[in-house]
Amino acid sequence: MSRMAEQQLYIHGGYTSATSGRTFETINPANGNVLATVQAAGREDVDRAVKSAQQGQKIWAAMTAMERSRILRRAVDILRERNDELAKLETLDTGKAYSETSTVDIVTGADVLEYYAGLIPALEGSQIPLRETSFVYTRREPLGVVAGIGAWNYPIQIALWKSAPALAAGNAMIFKPSEVTPLTALKLAEIYSEAGLPDGVFNVLPGVGAETGQYLTEHPGIAKVSFTGGVASGKKVMANSAASSLKEVTMELGGKSPLIVFDDADLDLAADIAMMANFFSSGQVCTNGTRVFVPAKCKAAFEQKILARVERIRAGDVFDPQTNFGPLVSFPHRDNVLRYIAKGKEEGARVLCGGDVLKGDGFDNGAWVAPTVFTDCSDDMTIVREEIFGPVMSLLTYESEDEVIRRANDTDYGLAAGIVTADLNRAHRVIHQLEAGICWINTWGESPAEMPVGGYKHSGIGRENGVMTLQSYTQVKSIQVEMAKFQSIF
């Protein structure tokens, strides 16, 4: 693909040049080619976007629930019509296989938008009787202008997960995509405008997180920030949001999730789940089950089943329908993953497979890392303690149920957890003791629109998806009505 035209900001229903004068490049990680130069939003651009959003939000909130619902449903239709085009762009920008982006990224994002479009008319207040002459009623009102700050692994899906409930509740959103993968969020802005969203209700500001993102978190005109990213960055976003104007926040942060295989489990099923929990999207999924706990007596058999499945991984041309494994999202990220792999070897973990870059025709110019499985791991190893966010699985053994629950919970993270067992009593007994916000039994990874997702501990605050997220983009106003004559003590 030839280099794209320089990408601008999207403010008030159209493209506009950044006043900062700064730019950055977005790279195709499969081959290292520059896809486009992208303009970076500065402080003045954030001010412009907030002013635009304030204007648009008033128009948007004044529409009826059914009017807003119809506009968002039109956006859903356009997303599905343009699925292949958007998936190709997402593949170029992220490196993910087209077999994945064409069936997951836009599809699941559109599902979430459709879900919230249907919920808009159900946003209701309540009535509370006090006495014969008085009652209270409540209204759910939009927050106003909110900000979404996205991660690089699911660019358009994250933009939809954040904008769908925000817009459904009557807010305007300013979205800052990751500077690593900024392209499809701009296309989403076009789609919202085409669907009839008032100008300013969805503005997109590409830029560097430390600058553009910080300006958004500090801006007094923004009522809430929804952030997806790492723990350290999340803490900064939360601190800035609180210090500036006590903004509400939703934080979807990192994870180091446990997958527990019990001795009664079907090991073929367990191996299939472990593969999806570690190598889907080349391991760049925040909920990945990278700590795989296996009974000591099952270790050898389980290792062989994992090795057999690694052989089925198909890396290569990301647009080949048979390819199911792409490069990492960027060269700096690849280098970071390789540092973790080196650390694992240094600390005594045994490499069962992988452990290096992929080499050969088609790989040498890209950010490719081989699917890697470490065994003979211990809980104190760096690769077991820290989030790697790449195709690196760590196998650990255990002896008892109590032991594995304790070890699974021995982490600052609490995003996800899963178990594989044939015993449903055990399944529920154990899952209720795991300190994680998203849990799976005999499956892994699905996050449908109806399911609230978010983390415990350092893995986040608040939830995305589900009814409660729509409510989190509103504020409750209580109104007391008195029909009897008011009595003053003065």
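Note that Cβ sites are derived from N, Cα and C of the backbone, with glycine treated the same way.
Listed in Swiss-Prot:
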BINDING   THR26, ILE27, ASP93, VAL180  K(+) 1 binding site
ACT_SITE  LYS162  active site, charge relay system
MOD_RES   CYS286  cysteine sulfenic acid (-SOH)
ACT_SITE  CYS286  active site, nucleophile
ACT_SITE  GLU464  active site, charge relay system
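Checking each of the recorded positions (THR26, ILE27, ASP93, VAL180, CYS286) against GLU464 (active site, charge relay system), the C-alpha distance stays within 10 Å for none of them. Cβ proximity to the K(+) 1 site centre (mean Cβ of THR26, ILE27, ASP93, VAL180, cutoff 8 Å) flags the following additional same-chain residues: GLU25, ASN28, PRO29, LEU35, THR94, TRP152, GLU179, THR181, PRO182, LEU183, VAL329, SER330. In this structure the alpha carbons, written CA, of ILE27 (K(+) 1 binding site) and LYS162 (active site, charge relay system) are 25 Å apart. Rounded to the nearest whole angstrom, the C-alpha distance between ASP93 (K(+) 1 binding site) and CYS286 (cysteine sulfenic acid (-SOH)) is 19.
For LYS162 (active site, charge relay system) paired with CYS286 (cysteine sulfenic acid (-SOH)), the C-alpha to C-alpha distance reads 16 Å. Taking the Cα atom of each, the residue listed as 'cysteine sulfenic acid (-SOH)' and THR26 (K(+) 1 binding site) are about 22 angstrom apart. In the three-state DSSP scheme, ASP93 (K(+) 1 binding site) falls into the helix class. Summary for the recorded positions ILE27, VAL180, CYS286: the Cβ-based neighbour count within 10 Å is maximal at CYS286. Under a cutoff of 8 A between CB atoms, and with a sequence separation of 6+ in the same chain, the neighbours of THR26 (K(+) 1 binding site) are GLN7, VAL34, LEU35, ALA36, VAL38, ASP93, GLU179, VAL180, THR181, PRO182, LEU183. The Cβ of ASP93 (K(+) 1 binding site) has 26 other Cβ atoms within 10 Å, all protein chains considered.
Considering other CB atoms within 10 Å as the measure, the emptiest surroundings among the active-site residues LYS162, GLU464 are those of GLU464.
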